[in-house]
Amino acid sequence: KFKKTKEGASVEDKKDETKDDEGSITDDIRNADFYHGLIPKTDAEALLKKEGDFVLRKTEHNTGVILLCISVRVDAEKVKHFVINTDAAKNYFIDVAHKETTVSNLINFYKTTKNPLSAASGAKLRKAVERPPWAINHDAIFIMKKLGQGAFGEVYLAEYVSEKGREKVAVKTMKGEVYGSHESDPSIDPPRMSDDKAILHDDTLEKVPVKWLAPETLQDRIYSLKSDVWAFGVLVWEIYSNGAEPYPGLSRLQTRAKIVLTDYRMKMPDVSTADGLR
(Lines of atoms letter the chains of each structure in order from A and count residues from 1; the text may use other names and numbers.)
(Lines give C-alpha, C1' and ligand atoms only; values in the text may rest on other atoms or scores of the structure.)
Protein backbone atom coordinates (compact mmCIF):
# COMPACT_ATOMS: atom_id res chain seq x y z
CA LYS A 1 0.00 0.00 0.00
CA PHE A 2 1.31 3.45 -0.88
CA LYS A 3 0.18 6.90 0.18
CA LYS A 4 -1.88 9.29 -1.91
CA THR A 5 -0.57 12.52 -3.34
CA LYS A 6 -2.35 15.57 -4.72
CA GLU A 7 -1.41 14.50 -8.23
CA GLY A 8 -3.01 11.06 -8.07
CA ALA A 9 -4.54 8.29 -6.02
CA SER A 10 -2.96 5.46 -4.12
CA VAL A 11 -2.41 2.10 -5.83
CA GLU A 12 -4.94 0.42 -3.56
CA ASP A 13 -7.54 2.95 -2.44
CA LYS A 14 -9.51 0.36 -0.48
CA LYS A 15 -6.57 -0.14 1.85
CA ASP A 16 -6.39 3.45 3.10
CA GLU A 17 -5.17 3.64 6.66
CA THR A 18 -7.74 4.22 9.34
CA LYS A 19 -7.50 7.39 11.41
CA ASP A 20 -6.35 5.38 14.41
CA ASP A 21 -3.58 3.79 12.39
CA GLU A 22 -2.47 7.11 10.92
CA GLY A 23 -2.25 8.58 14.40
CA SER A 24 -0.24 5.67 15.77
CA ILE A 25 2.40 5.86 13.03
CA THR A 26 4.18 8.89 14.44
CA ASP A 27 7.58 10.03 13.16
CA ASP A 28 9.45 8.29 15.97
CA ILE A 29 7.91 4.99 14.88
CA ARG A 30 8.05 5.60 11.14
CA ASN A 31 11.79 6.31 11.34
CA ALA A 32 12.56 3.54 13.82
CA ASP A 33 14.96 0.89 12.52
CA PHE A 34 12.74 -1.90 13.86
CA TYR A 35 9.58 -0.65 12.09
CA HIS A 36 9.18 -2.78 8.96
CA GLY A 37 5.92 -1.37 7.61
CA LEU A 38 3.31 -3.57 5.96
CA ILE A 39 4.86 -7.04 5.61
CA PRO A 40 3.33 -10.54 5.86
CA LYS A 41 3.78 -12.42 9.11
CA THR A 42 5.81 -15.09 7.31
CA ASP A 43 8.38 -12.46 6.31
CA ALA A 44 8.50 -11.17 9.87
CA GLU A 45 8.97 -14.65 11.29
CA ALA A 46 11.93 -15.26 8.98
CA LEU A 47 13.71 -12.24 10.46
CA LEU A 48 13.39 -13.41 14.06
CA LYS A 49 16.25 -15.80 14.75
CA LYS A 50 16.73 -15.78 18.53
CA GLU A 51 14.41 -15.78 21.53
CA GLY A 52 13.29 -12.22 22.25
CA ASP A 53 13.97 -10.90 18.73
CA PHE A 54 11.11 -8.62 17.66
CA VAL A 55 9.89 -6.29 14.94
CA LEU A 56 7.11 -3.73 14.71
CA ARG A 57 5.00 -4.02 11.59
CA LYS A 58 1.62 -3.32 10.06
CA THR A 59 -0.81 -6.13 9.44
CA GLU A 60 -4.12 -6.29 7.61
CA HIS A 61 -7.11 -7.70 9.43
CA ASN A 62 -9.59 -9.83 7.47
CA THR A 63 -11.93 -6.86 7.26
CA GLY A 64 -9.27 -4.76 5.54
CA VAL A 65 -8.38 -2.70 8.62
CA ILE A 66 -4.68 -1.91 8.96
CA LEU A 67 -3.32 -2.54 12.48
CA LEU A 68 0.02 -2.22 14.24
CA CYS A 69 1.53 -5.47 15.43
CA ILE A 70 4.60 -6.64 17.36
CA SER A 71 6.05 -9.96 16.20
CA VAL A 72 8.38 -11.62 18.72
CA ARG A 73 10.13 -14.98 18.82
CA VAL A 74 9.13 -16.88 21.96
CA ASP A 75 11.36 -19.92 21.42
CA ALA A 76 13.04 -21.87 18.64
CA GLU A 77 9.72 -23.18 17.34
CA LYS A 78 7.26 -20.38 18.03
CA VAL A 79 6.67 -16.75 17.03
CA LYS A 80 3.83 -14.74 18.56
CA HIS A 81 2.09 -11.73 17.02
CA PHE A 82 0.53 -9.10 19.29
CA VAL A 83 -1.83 -6.42 17.98
CA ILE A 84 -1.38 -2.99 19.56
CA ASN A 85 -4.77 -1.73 20.74
CA THR A 86 -6.01 1.78 21.49
CA ASP A 87 -8.66 3.04 23.87
CA ALA A 88 -10.97 6.05 23.67
CA ALA A 89 -8.29 8.26 25.22
CA LYS A 90 -5.79 7.29 22.49
CA ASN A 91 -3.65 5.24 24.86
CA TYR A 92 -1.84 2.24 23.42
CA PHE A 93 -1.72 -1.19 25.02
CA ILE A 94 -1.26 -4.91 24.48
CA ASP A 95 -2.44 -5.89 27.94
CA VAL A 96 -5.00 -3.56 29.53
CA ALA A 97 -2.93 -3.67 32.71
CA HIS A 98 -0.42 -1.26 31.19
CA LYS A 99 -1.03 1.58 28.74
CA GLU A 100 1.19 4.26 27.21
CA THR A 101 0.52 7.48 25.32
CA THR A 102 2.69 6.44 22.34
CA VAL A 103 3.63 3.17 20.67
CA SER A 104 7.30 4.02 21.15
CA ASN A 105 6.83 4.36 24.91
CA LEU A 106 4.90 1.09 25.00
CA ILE A 107 7.72 -0.80 23.30
CA ASN A 108 10.35 0.83 25.51
CA PHE A 109 8.41 -0.20 28.60
CA TYR A 110 8.36 -3.89 27.69
CA LYS A 111 11.95 -3.82 26.46
CA THR A 112 13.40 -2.19 29.60
CA THR A 113 11.29 -3.96 32.23
CA LYS A 114 11.44 -7.37 30.51
CA ASN A 115 7.80 -7.87 31.43
CA PRO A 116 6.08 -10.44 29.17
CA LEU A 117 3.66 -9.07 26.60
CA SER A 118 1.13 -11.56 27.98
CA ALA A 119 1.25 -13.95 30.89
CA ALA A 120 0.06 -16.84 28.75
CA SER A 121 2.77 -16.49 26.09
CA GLY A 122 5.69 -15.37 28.22
CA ALA A 123 6.96 -13.43 25.20
CA LYS A 124 9.57 -10.80 26.08
CA LEU A 125 11.15 -8.06 23.97
CA ARG A 126 14.92 -8.45 24.09
CA LYS A 127 16.43 -7.31 20.79
CA ALA A 128 14.88 -5.28 17.99
CA VAL A 129 15.60 -6.59 14.49
CA GLU A 130 16.47 -3.68 12.23
CA ARG A 131 14.98 -3.17 8.82
CA PRO A 132 17.51 -4.25 6.14
CA PRO A 133 19.23 -1.32 4.39
CA TRP A 134 17.75 -2.27 1.01
CA ALA A 135 14.16 -2.29 2.32
CA ILE A 136 12.19 0.88 1.57
CA ASN A 137 9.38 1.84 3.91
CA HIS A 138 6.04 2.03 2.08
CA ASP A 139 5.23 5.20 4.00
CA ALA A 140 8.08 6.91 2.12
CA ILE A 141 6.59 6.20 -1.33
CA PHE A 142 4.03 8.63 -2.74
CA ILE A 143 2.24 7.54 -5.92
CA MET A 144 1.77 10.32 -8.49
CA LYS A 145 0.37 8.83 -11.69
CA LYS A 146 0.09 5.63 -13.68
CA LEU A 147 2.64 5.17 -16.46
CA GLY A 148 1.62 1.83 -17.95
CA GLN A 149 0.50 -1.72 -17.31
CA GLY A 150 1.05 -5.30 -18.39
CA ALA A 151 -0.70 -8.63 -17.99
CA PHE A 152 0.15 -8.97 -14.30
CA GLY A 153 1.27 -5.57 -13.10
CA GLU A 154 1.22 -1.81 -13.36
CA VAL A 155 3.94 0.85 -13.35
CA TYR A 156 3.51 4.18 -11.56
CA LEU A 157 5.49 7.39 -11.34
CA ALA A 158 6.15 8.02 -7.66
CA GLU A 159 8.17 10.16 -5.30
CA TYR A 160 10.53 8.59 -2.78
CA VAL A 161 11.18 10.64 0.35
CA SER A 162 14.36 9.82 2.28
CA GLU A 163 16.87 11.57 4.51
CA LYS A 164 18.68 12.68 1.36
CA GLY A 165 15.58 14.43 0.02
CA ARG A 166 12.96 13.68 -2.62
CA GLU A 167 13.46 11.89 -5.91
CA LYS A 168 11.27 10.56 -8.71
CA VAL A 169 11.08 6.77 -8.99
CA ALA A 170 9.13 4.12 -10.89
CA VAL A 171 7.04 1.71 -8.83
CA LYS A 172 5.99 -1.68 -10.16
CA THR A 173 2.96 -3.31 -8.54
CA MET A 174 1.15 -6.60 -9.06
CA LYS A 175 -2.50 -6.59 -9.98
CA GLY A 176 -4.68 -8.01 -7.21
CA GLU A 177 -3.94 -8.45 -3.54
CA VAL A 178 -0.26 -8.19 -2.70
CA TYR A 179 -0.09 -7.61 1.03
CA GLY A 180 -2.13 -8.59 4.03
CA SER A 181 -3.75 -11.84 4.97
CA HIS A 182 -3.67 -13.20 1.40
CA GLU A 183 -0.49 -15.25 1.30
CA SER A 184 -1.23 -17.26 -1.86
CA ASP A 185 -0.17 -16.22 -5.35
CA PRO A 186 -2.84 -13.79 -6.61
CA SER A 187 -2.30 -15.01 -10.18
CA ILE A 188 -3.12 -18.65 -9.36
CA ASP A 189 -6.18 -19.49 -7.28
CA PRO A 190 -6.63 -23.27 -7.61
CA PRO A 191 -10.04 -24.71 -6.70
CA ARG A 192 -8.57 -27.65 -4.85
CA MET A 193 -5.15 -28.65 -3.61
CA SER A 194 -3.35 -31.86 -2.68
CA ASP A 195 -0.05 -32.14 -0.83
CA ASP A 196 2.11 -31.39 -3.84
CA LYS A 197 -0.03 -30.29 -6.77
CA ALA A 198 -2.98 -28.16 -7.81
CA ILE A 199 -5.63 -28.46 -10.50
CA LEU A 200 -5.99 -25.25 -12.50
CA HIS A 201 -9.16 -23.90 -14.12
CA ASP A 202 -9.06 -23.21 -17.86
CA ASP A 203 -9.67 -19.51 -17.25
CA THR A 204 -6.85 -19.43 -14.69
CA LEU A 205 -4.47 -21.10 -17.13
CA GLU A 206 -5.11 -18.35 -19.65
CA LYS A 207 -3.83 -15.77 -17.17
CA VAL A 208 -0.49 -17.40 -16.38
CA PRO A 209 2.80 -17.26 -18.37
CA VAL A 210 2.20 -20.08 -20.85
CA LYS A 211 5.73 -20.14 -22.26
CA TRP A 212 7.15 -21.08 -18.86
CA LEU A 213 4.61 -23.81 -18.02
CA ALA A 214 5.40 -27.52 -18.12
CA PRO A 215 3.62 -29.77 -20.67
CA GLU A 216 1.50 -31.49 -17.99
CA THR A 217 0.31 -28.09 -16.80
CA LEU A 218 -0.68 -27.03 -20.30
CA GLN A 219 -2.38 -30.33 -21.12
CA ASP A 220 -3.87 -31.60 -17.86
CA ARG A 221 -4.01 -28.40 -15.79
CA ILE A 222 -1.75 -30.02 -13.19
CA TYR A 223 0.78 -27.84 -11.41
CA SER A 224 3.30 -29.44 -9.04
CA LEU A 225 6.65 -28.59 -7.49
CA LYS A 226 8.32 -30.37 -10.40
CA SER A 227 6.77 -27.80 -12.73
CA ASP A 228 9.20 -25.28 -11.26
CA VAL A 229 12.08 -27.38 -12.57
CA TRP A 230 10.67 -26.99 -16.08
CA ALA A 231 10.31 -23.24 -15.61
CA PHE A 232 13.94 -23.08 -14.49
CA GLY A 233 14.94 -24.86 -17.69
CA VAL A 234 13.20 -22.16 -19.70
CA LEU A 235 15.09 -19.57 -17.66
CA VAL A 236 18.38 -21.27 -18.56
CA TRP A 237 17.38 -21.06 -22.22
CA GLU A 238 16.72 -17.32 -21.79
CA ILE A 239 20.13 -16.79 -20.20
CA TYR A 240 22.01 -18.53 -23.01
CA SER A 241 19.82 -16.72 -25.56
CA ASN A 242 20.86 -13.32 -24.23
CA GLY A 243 17.42 -12.61 -22.79
CA ALA A 244 15.37 -13.58 -25.85
CA GLU A 245 11.71 -14.50 -25.35
CA PRO A 246 11.10 -18.28 -25.24
CA TYR A 247 9.48 -19.94 -28.25
CA PRO A 248 10.40 -17.03 -30.56
CA GLY A 249 7.84 -16.17 -33.20
CA LEU A 250 5.06 -18.11 -31.49
CA SER A 251 2.05 -16.65 -29.69
CA ARG A 252 0.84 -18.03 -26.37
CA LEU A 253 -1.84 -20.07 -28.13
CA GLN A 254 0.60 -21.39 -30.74
CA THR A 255 3.12 -22.30 -28.05
CA ARG A 256 0.56 -24.24 -26.08
CA ALA A 257 -0.68 -26.10 -29.15
CA LYS A 258 2.81 -26.99 -30.35
CA ILE A 259 3.88 -28.35 -26.96
CA VAL A 260 0.70 -30.32 -26.32
CA LEU A 261 0.11 -31.65 -29.85
CA THR A 262 3.66 -32.24 -31.11
CA ASP A 263 5.64 -32.58 -27.87
CA TYR A 264 7.82 -29.72 -29.11
CA ARG A 265 11.01 -28.78 -27.25
CA MET A 266 13.14 -25.72 -27.88
CA LYS A 267 16.69 -26.27 -29.07
CA MET A 268 19.37 -24.87 -26.79
CA PRO A 269 21.37 -21.98 -28.29
CA ASP A 270 24.70 -22.80 -29.90
CA VAL A 271 26.56 -20.68 -27.35
CA SER A 272 25.53 -23.00 -24.50
CA THR A 273 28.16 -25.44 -23.26
CA ALA A 274 27.91 -29.09 -22.37
CA ASP A 275 28.86 -28.28 -18.78
CA GLY A 276 26.10 -25.71 -18.57
CA LEU A 277 23.49 -28.22 -19.74
CA ARG A 278 24.32 -30.83 -17.12
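Keep in mind that glycine also has a Cβ here, set from the backbone N, Cα and C atoms.
As given in TrEMBL:
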- Lys172: ATP binding site (BINDING)
- 1-278: domain 'Protein kinase' (DOMAIN)
- 34-129: domain 'SH2' (DOMAIN)
- 1-24: region 'Disordered' (REGION)
Restricting to the same chain and to sequence separations of six or more, state which residues have a Cβ under 8 Å from that of Lys172 (ATP binding site). Gly153, Glu154, Val155
Count up the helix, strand and coil residues in the domain 'SH2' (34-129) according to DSSP, in that order. 18 helix, 32 strand, 46 coil
On average, residues of the domain 'SH2' (34-129) score a pLDDT of 91
